Amino acid sequence: MIELDQVTKTYDGKNVVDSVTLSVGKGDLCVLIGPSGSGKSTTLKMINRLIPLSSGTIRIEGQDIASVRAEELRRRIGYAIQSIGLFPHWTVEQNIAVVPRLLKWSSSQVRQRVEELLDLFHLDASEFRHKYPHQLSGGQAQRVGVARALAADPEVLLMDEPFGALDPITRDSLQEEMRRVHEETGKTIVFVTHDMDEALKLASRIAIMDEGRLVQVGTPREILNTPANDFVLNFVGQSDLGLKMLACESVETRLEPAPSALRNDPLESIRNHFGTSDHLWLLSPEGQIEGLLTEAPTGDDDLDRSLRPLGRESHATPDMSLKEALSHMVWRKTDWLPVVDAEGRLTGEVGLNNVVERP
Ligand SMILES: Nc1ncnc2c1ncn2[C@@H]1O[C@H](COP(=O)(O)OP(=O)(O)OP(=O)(O)O)[C@@H](O)[C@H]1O
């Protein structure tokens, strides 16, 4: 747990961080967000004492950071930044191992940890451990930067716009990875960004700053549903507020039972079904989804004619966001998407109506 109590930083008589009181629970991913110059990075850097406080207190697990030696503190706190700062003449392995070596871990421990971390970030250890930073893509280097920050298993991870310089696709996939890594490691993370979509995707809590002050703190849903004032509303982005709300909810929250039949069921029973529902998922005898029927077939050859095949790429999964599901519906021109489990089996459906109408 990280507690900031009345934290202030003054430069040239101006409070660039102004009486910020914030508590970040254990295992939370708290995103600090706000316009340029609102004091996010300064707040972050005060947590690991890269910048001294002008007044106030910061505690980690109840311990005042002022009472801990700065070097010791920084070993307990991982720090990942946009420009990564990998050492260019060191291999990936050497870069990740910086803090474990300082902590005098044995070579075998270090080796094992490097493998574990590369694995966590889906980088093949045998391929990547001996590479140098210039041999990595931006996204790979960024992964190594975050892996390095996690190397000595710190209690807390601070991240300052870590994906800011990446192209949108790499950024998207690293955000997904970060979400998974956060779930798997349960680390307490404070993450600075000025990108609201990134915040909504990653945060368990969002803290919005303006001119050094904390304007609102809440879950993504709280911020979207009840913005504290016009500044927050504008910052969140009024025009696509609805889509942002959908981005915070998963398909699982709107899952409905899916009417289905097997291809080799008697035609009569497939037809009868249309008395109770206006659509039906047709499954192969092995249970794989073949497509969607939206009207009763009149004869055996009609089954294929009225079947709308839906490829695997239009299957939804329970953890997919409603925004993504809606996008698939628009793209595929369909009112329903099948929701499948890891084996590709139909577990339910999500309909356009369920997405639009709030439960
Ligand atoms: N060393 C310094 N001396 C004087 N003013 C500073 C110093 N460092 C930061 N500032 C000022 O403090 C304010 C907050 O800066 P900070 O970097 O925390 O903002 P930020 O919200 O992280 O911005 P950005 O999104 O642009 O990175 C800015 O107005 C900045 O000019």
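From the backbone N, Cα and C atoms, a Cβ is placed for every residue, glycine too.
Note that the coordinates shown come from a computational prediction; the quantities given were computed from them, not determined experimentally.
Across the domain 'ABC transporter' (2-236), the prediction's mean pLDDT works out to 90. Annotated domain 'ABC transporter' per TrEMBL: 2-236, in sequence order.
Per TrEMBL, region 'Disordered' is recorded for 295-316.
As annotated by TrEMBL, compositional bias 'Basic and acidic residues' applies to 304-316.
TrEMBL lists 307-359 with the feature domain 'CBS'.
Below 8 angstroms of C-beta separation, residues 251, 282, 289-295, 297, 324-325, 328, 331-332, 334, 337-340, 344, 350 of the same chain, each at least six residues beyond the ends of the compositional bias 'Basic and acidic residues' (304-316), sit close to that stretch.
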